[in-house]
Ligand code: 2AM
């Protein structure tokens, strides 16, 4: 079985900007800069033959390349249930369009439809017993965070290897978007 998800990669510059947000919250486990990404679709555990179908389906996705701007920070969960500190993205039709294309491609190859609404975010930290006042200060100190725009020219299928020191994300394949710099010109 392979544990898979589809994500947008971030540029080195953007990852450095995001890494610069870390700190000041006891009980936070910050995402390593090289692991920062924006998940389009969590797939979960699938057998190898279905992973091959997923690869083929993603290769058929047609969606335009676009520019992504990061905007603001937030928290999932509240009070003692605060779980995740995240950076948000500026609303835009292109990202929603791409996510919908990925979703329908995955449903066509037999995966159950994602029931939850897509809420694009980049996980900055996972929280355990973080004090609410420190979370509040983190959010207010970084409320004006913005980064980008960053070109998005491909999506990536990742395999997640869960481990004690946190999961390791292995990129399996990149799929170019239309009109991006990485698009194949031949054929
Ligand atoms: P998160 O960062 O908000 O937890 C790999 O685990 C990626 O898939 C992460 O970006 C994670 O989002 C996302 N993801 C979405 N749903 C998930 C789930 N049910 N289990 C694990 N990861 C999930």
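Using N, Cα and C of the backbone, Cβ positions are placed for all residues, glycine too.
Just so you know, TrEMBL annotations never went through curation; they're auto-generated.
Now, the feature entries from TrEMBL:
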ACT_SITE  37  active site, proton donor
ACT_SITE  121  active site, proton acceptor
DOMAIN    9-86  domain 'Phosphoesterase HXTX'
DOMAIN    93-169  domain 'Phosphoesterase HXTX'
MOTIF     37-40  motif 'HXTX 1'
MOTIF     121-124  motif 'HXTX 2'
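Taking a C-beta cut-off of under 8 Å and a sequence gap of six or more, residue 37 (active site, proton donor) has these contacts in its own chain: 7, 8, 9, 10, 122, 156, 158, 169. Long-range contacts of the motif 'HXTX 2' (121-124) within the same chain, counting only residues at least 6 positions beyond its ends with a Cβ under 8 Å from a Cβ of the stretch, are 10, 18, 21-22, 30-31, 36-38, 70, 73-74, 76, 84-89. Cβ neighbour count for the residue listed as 'active site, proton acceptor' (all protein chains, 10 Å cutoff from its Cβ): 18. Across all of the domain 'Phosphoesterase HXTX' (9-86), the predicted model scores a mean pLDDT of 97.
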